[in-house]
Each structure stands twice: as structure tokens, then as C-alpha cells.
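> Pulled the feature table from Swiss-Prot, pasting it below:
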- 1-68: region 'Disordered' (REGION)
- 1-41: compositional bias 'Basic and acidic residues' (COMPBIAS)
- Ser43: phosphoserine (MOD_RES)
- Lys81: SUMO2 cross-link (CROSSLNK)
- 83-105: zinc finger (ZN_FING)
- 111-133: zinc finger (ZN_FING)
- 139-161: zinc finger (ZN_FING)
- 167-189: zinc finger (ZN_FING)
- 195-217: zinc finger (ZN_FING)
- 223-245: zinc finger (ZN_FING)
- 251-273: zinc finger (ZN_FING)
Amino acid sequence: MGSEKEQRPEAHLPEEGEGAKPWRVDGSKDSQITPREDHGQESLLAGLHGTHPPKTRQKVTAQAGGPGDPMLFSSPETDEKLFICAQCGKTFNNTSNLRTHQRIHTGEKPYKCSECGKSFSRSSNRIRHERIHLEEKHYQCAKCQESFRRRSDLTTHQQDHLGQRPYRCDICGKSFTQSSTLAVHHRTHLEPAPYICCECGKSFSNSSSFGVHHRTHTGERPYECTECGRTFSDISNFGAHQRTHRGEKPYRCTLCGKHFSRSSNLIRHQKTHLGEQDEKDFS
């Protein structure tokens, strides 16, 4: 059985230019790199320090660990360091690039796409891949066929169909479909409302709500339906009205199948089913 030195294959630095001779490391720790032929030293140093070999010779040392470990080559005169892959001999100027390269040999893919589970060896490749999901709409609502890019967006949308409002304000009891909407609402209790109506004194936390309310005093109705000429002060009511002309009823009751043009009408309707259920429970 041979010694460790005999078992370990020689690690070669990449050749630089014509006539350069390969250098080798004997595998021992803190070993000095020696040329197979004496005149090859200038070619090695040209690769380490630039395109032109220095006039004076420098010592270049190599630190080697166990078999398969990367080797560190350094020049004491310039403090320049190169990290070499023990598998293929390719060199890198920092350990981060070396580790990324070594995943080619190990097959390691630590970066996983949260949407489809596909794995990648580089984080940049994963980011590039995830943009595909942002451009596609894979998640379709079975109720109204509207599509979404993210599963979480579909879940939020489906709560509108079901009339579910799982996020409840612990101060006033008002419920919301999204936690972010609840957070915005909750600030209205903690912060003084900056928008106060000079007509009735009612206060509002945002300018859009204040504007809708203020139009009830002024009588302004800026949203006009081109089909029938009816006007509205609130854009959401205007949008719901337009759906009546188009025959759209995207809000469907999952209990009886009835459709509605407004989510508020669906919620009001579903309460009738809850009342029926209460009567059955007590019968």
C-alpha cells in the first residue's frame, strides 16, 4: 500500500501562454510549488500576477488539506491569493466563487423555488427562474375562472366568494379578508384620524374615504354610466352598477349556487343560510 503522497493525484495550475510548463504540488501542507522544468516558473507567476513575468523569482506557496479539499496559492510579495478546485484544477480569486463552482462536482442545489420546488446551484439562477412564475397565471379560481400568479392571491380571492373574513379587529369587531387590510384598519383606532369633515365632524384615516364621504354633502357624483346615464359618488358602486349591464355576477354562493354582482349582496344572502342552519340546530 503506497503512501498518501503516492495516492494523491497531482494538482496542476492552469497553463498560461505558450511554452508554460505545468506546476505541481506534492500534497503536503504548506508545501512549495516546484516546476517540472526550472524555466516554467516565470509562466506560473505570469498567470498569478499579470501578463508579464517578473524580473525576479518569487516563492509561491500552496496550502493543501485533505483529499478533495481546495488548495490555497499565495504570493508573499503581493498578498494575492488564488483558490484552486481540487477536482478539476480551476482557480478562483475568492472562496465564494470556488464553492459555487464546486456544486457542479457535488450536484448540490441549495436554492429552491417556493412556487414549483425546482432547485438551483446558484441563487441568481433561481431568481431568473422565479420571474417565469410572475409572468404566468397558473392559479385559477374554480368559481369565476379568474387567474392569479400566486397561490396566496388565489386564496385571498376565494375568501371573497365564500364570504370569509378571518381577520377580525379586536377593538370594534370589524372583519377583513386580508391581514394587511386589518393592519391598516387597526391604525385608525391607534392614531387620530387626520381627515375631519367640516360639515358633520366625522373623521377619516385616509383621503379617499374622506373624499367619498364629502361628496354626500356636496351632492357631487362624478362617475357616470355610459349605458344609462346614472351617476355615482363612489367608484366601487359605479363598478358594481356596470356589471348589471354586462350581466356579470362573479360572486357565487357555495351553498345554493346563486350568483351576485356585489360581494356585499353575497354576504347578506349567505346569512340567510346561516339562519336556516341555526333553526335546524335548535329544532
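Every residue gets a Cβ built from N, Cα and C, even glycine.
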> Quick test of the contact rule: Cβ under 8 Å, at least six residues beyond the ends. What residues does that give for the zinc finger (195-217)?
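For the zinc finger (195-217), the far contacts come to 184, 187-188, 233-234.
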> Taking 111-133, 139-161, 251-273 as candidates, which has the most Cβ pairs under 8 Å with the zinc finger (223-245)?
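If we count Cβ pairs closer than 8 Å to the zinc finger (223-245), 251-273 scores highest.
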> May I ask for the residues of the chain that lie six or more residues beyond the zinc finger (111-133) and have a Cβ under 8 Å from a Cβ within it?
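Residues 100, 103-104, 149-151 contact the zinc finger (111-133) from elsewhere in the chain.
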> Would you mind giving the whole-number mean pLDDT across the zinc finger (167-189)?
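Overall, the zinc finger (167-189) comes to a mean pLDDT of 80.
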> With DSSP helix as H/G/I and strand as E/B, how many residues of the zinc finger (139-161) fall in helix, strand and coil?
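The zinc finger (139-161) comes out at 11 helix, 4 strand, 8 coil.
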